[in-house]
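Below: one structure, written as structure tokens.
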Amino acid sequence: MAVSVLAILLASCALAAASFDKEFDVTWGDGRGKILDNGQLLTLGLDKVSGSGFQSKHEYLYGKIDMQLKLVPGNSAGTVTAYYLSSQGPTHDEIDFEFLGNVTGEPYTLHTNVFTQGQGQREQQFRLWFDPTNDFHTYSILWNPKHIIFMVDDMPIRDFRNLEGKGIAFPKNQPMRLYSSLWNADDWATQGGRVKTDWSHAPFSASYRGFKADACVVTAGGKPHCGASVGTEVAPGTGAAGEWYNQELDLTRQQRMRWVQSNYMIYNYCTDPKRFAQGVPAECSM
């Protein structure tokens, strides 16, 4: 993307309203995905025939994305609820939350990953410090030119920094849509695929509400919009990015993130050298 276009984009940012029927399209599932309550609630369903999914109508280039989710309750083994930003193509960028189900009474696994120019393998996995099926909780992605910060109920759990100066790619040029899906992945999702989906508990359902996108919004023609969800268009240069654009973790929030990682992280690619023939990725030592 030309520098001038990027400059206009970054000057034209907005807080998008949280109406699912205005912001999202249910893209697959043959009726298993539903927008309810005058656009304030979205549910995805999964049965033995099919899962379901949705995607944002808009593309974003940097932003703070918030979504409240309530996950599949009970025996959710084999199911995956995915919530992520992604561009398209073989060199795509992607920022992932995935929630891996489990048998009744056993905890979900929160799986995170970052893809840059088509390359992933940056998994970090966590347990949660609450039951994500009892109520809605907010899962956030803060993506700005210096950081990708994953947050749960405003608690930072992961910070992928921009280390381009040291030769490590960082997502910065490819606009991304927000996607979510509920699907069957019992070949790998629960205990390495040992526990399969129990279809006697189907249909499975996950719920969404409280979507917010304080973000730079890109339309199909590359024209920047502010408040695209309500059709408010701002002339180039008249908007301003929110505080998120330069946000970093202060010392207190760094300490909170370290607390989560010390107590709830169960897998970190940086401490798994057997996966990488050439050694762990360079960012692990920085």
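Start at 1 and count along the chain as shown; that gives each residue its number.
Heads up, the Cβ atoms here are built off N, Cα and C, so glycines get one too.
Look at TrEMBL and you will find 1-208 tagged as domain 'GH16'. The signal peptide annotation in TrEMBL covers 1-18. Residues or ranges marked as active site, nucleophile in TrEMBL: GLU94. The feature active site, proton donor is assigned by TrEMBL to GLU98. As annotated by TrEMBL, N-linked glycosylation site applies to ASN102.
ASN102 (N-linked glycosylation site) sits 25 Å from GLU94 (active site, nucleophile), taking the C-alpha atoms as the reference points. Averaged across the domain 'GH16' (1-208), the predicted model reaches a pLDDT of 92.
Counting only residues at least six positions away in the same chain, the Cβ atoms of TYR84, LEU85, SER86, SER87, ASN113, VAL114, PHE115, GLY120, PRO171, MET176 sit under 8 Å from the Cβ of the residue listed as 'active site, nucleophile'. Within its own chain, the residue listed as 'active site, proton donor' has VAL80, THR81, ALA82, TYR83, TYR84, LEU110, HIS111, THR112, ASN113 as residues 6 or more apart in sequence whose C-beta sits under 8 angstroms from its own.
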